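Novice: The structure's right below; bear with me while I get my questions together.
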Amino acid sequence: MSKMRMPTIYWASLLVVLFVHACNAFYLPGSYMHTYSNGEPIFAKVNSLTSIETELPFSYYSLPYCKPNGGIKKSAENLGELLMGDQIDNSPYRFRMNINESVFLCTTPPLSEHEVKLLKQRTRDLYQVNMILDNLPAMRYATQNGVNIQWTGFPVGYTPQNSNDDYIINHLKFKILVHEYEGTGVEIIGTGEEGMGVISEADKKKASGFEIVGFEVVPCSVKYDPAVMSKLHVYDNISSVNCPLDLDKSQIIREHERVSFTYEVEFVKSDIRWPSRWDAYLKMEGARVHWFSILNSLMVIFFLAGIVFVIFLRTVRRDLTRYEELDKESQAQMNEELSGWKLVVGDVFREPDCSKLLCVMVGDGVQITGMAVVTIVFAALGFMSPASRGMLLTGMIILYLFLGIAAGYVSVRLWRTMKGTSEGWRSVSWSAACFFPGIAFVILTVLNFILWGSKSTGAIPISLYFVLLALWFCVSVPLTLLGGFLGTRAEAIQYPVRTNQIPREIPARKYPSWLLVLGAGTLPFGTLFIELFFILSSIWLGRFYYVFGFLLIVLLLLVIVCAEVSVVLTYMHLCVEDWQWWWKAFFASGSVALYVFLYSINYLVFDLQSLSGPVSAILYLGYSLLMAIAIMLSTGTIGFLMSFYFVHYLFSSVKID
């Protein structure tokens, strides 16, 4: 056997060596470092127009902006970018390395009624223009109440206070920070954009030049004389312009107005090096708050760990030790006087109601949890760079597809354990493959019709719908069925005690058990809600979220809290002779999703006050509902599996006939 394996290992090693030798440099996902020589033209790109008021992205060229000479060309987009509503196009904004200039772009025809209405609407909805140069978003700085604030992008226009008039941004002052690179073969170790790589000797001369390490913009509104400007051609030089403070000298948005677009650029030498150029965008605000969140979670964990410790050592261990010390006659007598969890020994492993649904939900929960853990680990290690737009979402989708094999395996193995047979495993596997994706598909389809109706670029194109369906039925479903088949081949989990034919009556209680189950969800939510605020702000307020190290710690703490909460609640139910613990164990930790959804509504009302219109609110609530369902399946699965292990361990220690 070892002789047969040797050639395989040899060839694998040889392939790795040849691959490494063939590569002059290795970069983690992101863009390659690009150096420019003096005077080399560089063209900016434009992304979709976005607003924190509506959350509906629109194409840049849906407004009457200057178009590039060769026509509009879309950049290649990955799956994540398309799903996020990004639409990256080329633009006429051209810069020449280290040449400071003021340039004319174009003068529009007289604005029509429709164009004026659209410009005014986009201005009042606070839409931002998102421009990209060498993969860096344009950054804008401003001072409000003595505090320096930074944004990505610049507004379409602005409306002065106590005025009904709107003014368009038609002049841009760019400041491009450049760093001279000598091509010294220095190892590049970045913050996750380019990762690490060594420039080879052959590339030294080619790599020498200037790197772009910053892209800043100051937007202005300037009124030009259309008669004078119409005589100019594209990229003709004009005199430098100071941003006017008087509204009379600003360009109003009005019918029959001709708007001239201009820009000026200044190149500034900078000490910022290539690997650090994203630091300005990823400045981590509120680090103390993140640490407070983690300490808060640790306190909850230690509190719950104390309860679990007491249950195991003082209660369970004491009972088991006492029981094992008795002789057979005393054990038989004690069996008649049993109380608490030992009374339900003949019912504790009785098949629960809707057992197939439980198997499917646990399988999908394993799939979602695996996807979340692997994605966050990779992101924390720097693989999911913000420079690689859409990579995070694309990576999550690919992981989810391939983890279908785990969903099928867990669902079918749990089904076999409950039923004692593999019969019906295909139905369980199919259900696991279609349950959560089906819910997501229905929600996204409804939201997509709303986006189509609004003519937003956030709408998923029909072609992408077919791609997603193909991925679902050609990759995810077969892998889930394969996982189910492997589950039938795996050894079934044997129950340590026999189940009685007649179910035991559950004693009446003063309060319904679901109250305890719902209350249990507050503890996992306590570990999560502070980090949830930052995540929601990242999604809905257009901020960069890049503290994946904190998120990984919070995720690990959440897993521990969910496991502990579920075990404690399961033990409490068994102690009051309630043997129907299966679903309660799932929802004890899964009920955190209810609090997440309620917190999302709270965030909408109190933190997203700028969000306007029923369409935006429906979009927000639709995506929040999808997130809550995913969290319910994930946390519920963690709690259920831990409780199942706990109950199995507990009753395997009891020798009751």
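For all residues, glycine too, the Cβ spot is worked out from N, Cα and C.
Pasting the relevant annotations from TrEMBL:
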SIGNAL    1-25  signal peptide
TRANSMEM  291-313  transmembrane segment
TRANSMEM  357-384  transmembrane segment
TRANSMEM  390-410  transmembrane segment
TRANSMEM  430-452  transmembrane segment
TRANSMEM  464-486  transmembrane segment
TRANSMEM  514-540  transmembrane segment
TRANSMEM  546-569  transmembrane segment
TRANSMEM  581-606  transmembrane segment
TRANSMEM  618-651  transmembrane segment
Novice: How about the transmembrane segment (430-452) and the transmembrane segment (357-384): at least 3 CB pairs under 8 Å, pairs 6 or more apart in sequence, or not?
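Specialist: These two stretches do touch.
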Novice: For the transmembrane segment (464-486), name the stretch out of 390-410, 514-540, 581-606, 618-651 with the most CB-CB pairs under 8 Å.
Specialist: 390-410
Novice: Taking the transmembrane segment (390-410) as the reference, which of 357-384, 546-569, 581-606, 618-651 gives the largest number of Cβ pairs under 8 angstroms?
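Specialist: Looking only at 357-384, 546-569, 581-606, 618-651, the most contacts with the transmembrane segment (390-410) come from 357-384.
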Novice: Taking a Cβ cut-off under 8 Å, which residues six or more beyond the ends of the transmembrane segment (357-384) line up next to it in the same chain?
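Specialist: Residues 28-29, 190-192, 195, 391-392, 395-396, 399-400, 403-404, 406-412, 414-415, 418, 428, 431-432, 435-436, 548-549, 551-552, 555, 582-583, 586, 630, 633-638, 640-641 contact the transmembrane segment (357-384) from elsewhere in the chain.
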Novice: For the transmembrane segment (581-606), which stretch among 514-540, 546-569, 618-651 has the most Cβ pairs under 8 A?
Specialist: 618-651
Novice: In the same chain, which residue numbers or ranges, 6 or more beyond the ends of the transmembrane segment (514-540), come under 8 angstroms Cβ to Cβ?
Specialist: 52, 55, 286, 289-290, 292-293, 296-297, 300-301, 304, 547, 550-551, 554, 557-558, 561-562, 565-566, 568-569, 572, 584, 587-596, 599-600, 603, 607-608, 611, 620, 623, 635
